[in-house]
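Each remark here refers to the structure printed beneath this line.
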């Protein structure tokens with residue numbers, strides 16, 4: 001790979017000019033306005049202090065700009081990964097292995113190292129384990145879990161829990177302690193944000209504003225809600241009335257440094273880091289590919305792993321938590337005109353400015369407003385129509401999806417995604433456990449052989465011709481043993497079995513063992529085993545084993561040749577017996 | 001399934017006559033002689049008192065005779081499963097969750113329940129997860145581990161450990177305490193058993209004995225070693241000289257009953273029970289199929305699960321431990337003339353007789369003799385040539401096998417088999433991550449389309465024809481997205497992409513999502529997406545989704561039709577522009 005392949009920034013940095021700068025700067029301003037409330041909110045969702053969200057939106061963006069391949073992908077904290085972070089950090093912090101911040105930084109470092117490693121060793125294909133119905137079900141369930149988990153902030157009560165089974169009873173138990181002021185602020189923010197999302201752009205355009213300005217103002221609604229609620233909190237002294245506020249946030253930039261690492265901590269966080277890596281990568285690549293396609297560009301998935309890994313390592317070194325590419329903010333970034341990843345660097349500068357200058361203002365921000373931001377953001381993740389579409393399309397895929405959703409809601413995120421992946425694999429194994437095969441006979445007067453069940457063909461009682469229509473490997477080779485055993489038991493006069501392999505492009509060691517067993521068992525029951533129409537590479541490989549030496553029969557170039565020779569030999573044998 | 005399908009004993013019991021009885025009785029005597037020392041030895045290997053081995057060879061044989069489908073399979077304790085039992089029971093007993101005996105009974109019950117459940121729900125295909133190189137590597141590594149673990153009994157020292165990394169240092173640390181008498185007995189037994197196995201049959205035949213008698217005497221060598229060593233131990237008072245003896249064994253039959261069950265105990269043993277079930281089933285079915293083939297019979301794998309499960313439940317209810325079909329004893333059973341599973345019932349009666357009358361004699365049996373029996377039995381499991389054969393045949397399969405062996409030896413049996421299965425799956429996913437596909441063009445003057453890389457064909461800059469040669473599912477569908485994105489980026493004048501699907505027999509929900517993404521991304525870059533030669537069932541399924549409504553292009557019956565229509569439309573469009 002060329003130098004610019006490993007450091008894609010070298011490509012776009014060369015032709016950088018004033019027009020590109022202006023476009024990137026404008027996009028950065030808009031994304032910064034969108035990212036400040038999200039960073040604070042997702043830090044709260046991850047169970048971390050608000051500054052962690054800001055820190056996760058500074059250096060990671062710079063790292064992605066240097067190593068990522070998408071020109072417009074905007075990385076940072078996102079809802080699902082923040083939930084997974086909360087779920088991973090809570091038990092570790094409860095055990096006293098590390099503070100929540102240190103655990104979250106370690107998680108980001110681990111995930112970053114895994115992603116970079118996967119990129120360097122080209123292991124991106126591992127993300128294929130996560131089938132679409134499982135990923136989609138997981139995101140829907142996460143959205144529901146996140147929204148349910150934020151209800152306590154809107155109601156102003158203390159209620160723990162990381163699964164629906166824990167959250168709902170906890171909320172009900174505390175229902176009598178709802179704080180009216182908090183509820184008012186929370187519902188107000190929800191209503192305002194909902195209205196802004198639904199009608200602001202159209203209303204502002206109708207009022208005569210140009211489209212881009214209407215759009216920008218609509219996107220600024222969350223920051224407006226924050227500003228207004230801070231002013232309200234100060235004016236009405238809401239803190240004294242029991243409304244939970246964000247509290248003081250340290251002013252300044254993160255000081256880069258490693259969290260204290262221990263083997264116990266790394267071991268405890270490794271499974272969660274692996275899952276976060278896979279989920280973050282799948283999400284990010286999907287966003288990146290969609291945006292690249294619009295410009296007939298493409299992203300390089302293995303290099304994306306490196307870019308995303310670098311962003312997570314940067315998050316881990318600078319007081320942040322796991323990040324990935326976000327769909328909404330990337331679309332905003334592109335719509336706003338971002339042309340190169342420099343827009344990400346400018347956004348990072350904007351967030352750094354917020355960390356330096358705005359944090360004192362945020363102390364009086366009601367947490368209920370952040371909760372309202374989260375709830376509105378995640379409800380778009382809940383896609384029940386997708387569940388119905390999958391149900392209509394495939395029952396097996398629906399089973400994997402439903403299991404993922406139910407287990408995620410009932411037992412937690414790691415269990416949910418693990419169940420879904422395991423079930424997908426089991427069902428794929430089930431689907432592929434029976435290789436397509438057919439007993440064939442000769443089409444009269446031709447050299448063609450066809451399925452005996454579908455065509456009028458000729459067969460002979462002493463010869464069984466079985467055509468295999470796919471590669472043989474560990475998942476399906478034992479079925480071939482069973483099938484041949486059954487056919488032999490059904491055909492008492494059988495002397496020859498010919499396995500036709502025109503579509504077999506691979507035979508792994510398990511399948512080779514099965515062929516050896518078939519050959520041995522057939523020989524013990526007095527039947528010879530032959531192959532026909534074996535592809536060249538498969539034949540080369542078989543020659544590297546001693547299978548062909550032990551084969552009781554022969555390998556024929558064509559099925560027609562096999563039948564001619566075997567019938568000829570049988571006729572000769574019969575004639576000798578008679579004479 | 002018919003009544004005799006679920007209870008195969010009804011089939012063979014009907015035609016039972018005197019000749020069959022005599023044959024079955026003779027086979028039972030020979031197998032009993034072979035099974036007594038093995039039962040004692042494998043109980044020691046499993047870390048259990050000797051009577052557990054006898055108990056595991058009584059009721060389980062009766063249960064298999066009732067529910068199993070193989071006419072000659074001999075079930076009972078076997079080496080690899082005994083090692084797995086030791087590995088599962090030791091930590092549970094150390095934690096104080098249960099006594100070793102109770103834990104082993106629970107393990108057998110759990111494994112039995114899993115096997116019966118798998119049989120009833122036809123989940124036998126799950127055993128396909130265990131590829132042949134992994135199973136073969138696991139058995140080789142188990143043989144080495146077992147032999148290494150018995151060395152302490154031969155040396156007469158105390159040395160723990162369940163992995164090579166633990167066993168070897170423990171042996172070295174105790175090397176100064178070797179008991180000379182024990183070593184003499186152990187080496188003597190090893191030499192005698194080795195010689196008997198190697199030369200006894202030939203020597204006795206040469207001395208004029210009939211073949212069957214020579215064979216039977218050769219097989220009785222272990223029981224002879226036991227008898228002689230008991231006499232020696234008494235005559236020389238070896239117990240007082242520091243030779244470890246078996247000690248007193250309770251006389252009588254096991255009293256059937258449930259061990260005390262707790263959720264914690266079941267949860268702790270469940271993973272090991274699952275692995276034991278899979279390993280035992282794969283081993284047993286392989287033995288059963290081999291023996292059935294000799295008589296042109298077959299076994300029913302799903303019913304075998306029930307038979308093996310019933311045997312394990314019986315072991316769990318009668319003081320035993322997990323059992324499965326053993327290769328050596330089944331071959332002996334068949335060679336000795338067993339005709340029906342009644343031979344198993346007679347063997348059970350024989351072992352019950354031993355438990356009733358022989359146990360007082362066994363108290364003075366040196367453990368070193370049992371260890372020698374085990375070592376000689378398991379060294380035949382170590383098959384280094386199979387490792388070399390797999391290395392020559394396939395590097396990927398070898399990698400899975402080598403990982404299984406190394407991890408089993410270094411970390412233990414569960415970790416070893418888990419690593420092997422995981423690695424097989426990852427490599428299978430890697431192999432299948434790239435669906436076979438080819439860009440095709442028209443063979444001039446024909447309606448045929450062939451790979452552009454291999455044939456002289458015609459293509460058009462505005463049309464890309466891509467043929468997919470296998471079913472699309474979650475493991476390979478993302479690669480299709482990448483490939484099309486790359487092709488579109490390479491062809492600036494592209495207006496149409498046609499996906500030829502003559503070999504696509506399934507499209508799962510993940511692949512459908514990929515097709516939707518491809519369609520959407522192509523549309524955004526101004527390219528229309530078409531399909532051609534879609535199979536009937538696949539088309540029916542696509543109609544159940546809304547993919548065809550959103551498809552920017554059309555579905556053509558043939559690739560030729562697609563090209564004619566698309567070129568016609570392009571020509572028309574160009575003509576309109578010109579006019």
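Backbone N, Cα and C define each Cβ position, glycine as well.
Residues B:343-362 are the range that TrEMBL records as transmembrane segment, among B:243-262, B:343-362.
Per-residue pLDDT, averaged over the domain 'STAS' (B:453-566), rounds to 91.
Below 8 A, the CB atoms of the transmembrane segment (B:21-41) and the transmembrane segment (B:217-236) form 3+ pairs separated by six or more positions in the chain. Of the recorded ranges B:178-196, B:343-362, B:398-427, the transmembrane segment (B:61-90) has the largest number of C-beta contacts under 8 angstroms with B:343-362. With respect to Cβ pairs under 8 Å, the transmembrane segment (B:398-427) is most closely packed against B:129-147, considering the stretches B:129-147, B:343-362, B:369-392. When Cβ distances are compared across the two stretches, the transmembrane segment (B:129-147) makes no contact with the transmembrane segment (B:343-362), since fewer than 3 pairs at least 6 residues apart fall below 8 angstroms.
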